[in-house]
Amino acid sequence: MMIYRLNALTDNYIFLLHDPQTGTAAVVDPAEPEPVLAKLAELGATLRAIFNTHHHWDHVGANCALRSRFPDIAVYGSSEDQGRIPEQTVFLKAGDRVPFGQTYFDVLFVPGHTRGHIAYYAPTTGDLFCGDTLFGGGCGRLFEGSPAQMLDSLNQLRQLPEETRVWCAHEYTQKNLSFALTVEADNPTLQERYAQVCRDRAQGKATIPSTIGLEKATNPFLRCEVRSIQIAVGATTPLQTFTRLRGKRDQY
């Protein structure tokens, strides 16, 4: 499976998946149709599916245009998002398995950012498409879910193999890591990552994908059990730590 990262809107990423052996393609969270159509034409590929992680407009904005162009495609999304994802044809729940080309995706239910948010994990290739749940150095805002839900979702993703590639849907890494340094300034791995990300962004390079291992070492939202971070935010439990981190990040 080939993965192509496409820029969209201001800071969104669309991911186009291509199986060269069959010539089929799928797209994850298409915000706009134009970059998707251009890449399909370049590859000579046929779009077979849309994989939506949640219902927000900047993740489903191209659904109607793409299904108009390719009326036979399947549009996947959470069963909790029924009626909120345009053109949705398949309603997924935790534990479902979705085939694509020579591989498949396990569906993970990761509410918090929204009440129906899901992620797509391909264990055979080690790829995770997590939408707005886990970001490089951060996590999504809580629009519909609770801190406890989001912490549970992040802990679920934290259990994936450390080499898992994390394909999140926004380029927020630099600001997220800048915030992370305010609560864990003495973390050398975090310092090194932030310096590298600053160099990459100065050259217009993407910081996605990261890995689960890197996030566990540098992302404060996956480190809520670390005592120094708890002390930095005046908390004593992982949930209290997460809640205070999220509040501070919202104001950063």
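Sequential numbering from 1, following the chain as shown.
The backbone N, Cα and C atoms fix where each Cβ goes, and this holds for glycine too.
Of the listed candidates (Asp29, Asp72, Asp96, Asp132), Swiss-Prot assigns Asp132 to the same Zn(2+) 1 site as His54, His56, His113.
In sequence order, Thr53, His55, His59, Thr114, His117, Gly131, Thr133, Gly140, Phe143, Ala169 are the same-chain residues whose CB sits within 8 A of the CB centroid of His54, His56, His113, Asp132, the residues recorded for Zn(2+) 1 being left out.
Each of the binding-site residues His54, His56, His59, His113, His170 was ranked by the number of other C-beta atoms within 10 Å, and first place falls to His54.
The binding-site residues near His170 (Zn(2+) 2 binding site), taking a 10 angstroms Cα-Cα threshold over the set His54, His56, His113, amount to none. Within 8 Å of the Cβ centroid of the Zn(2+) 2 site, not counting the listed residues Asp58, His59, Asp132, His170, the chain contributes Asn12, Asp29, Ala31, Thr53, His54, His56, Gly131, Ala169. The most densely surrounded of the binding-site residues Asp58, Asp132 is Asp132 (count of other Cβ atoms within 10 A of its Cβ).
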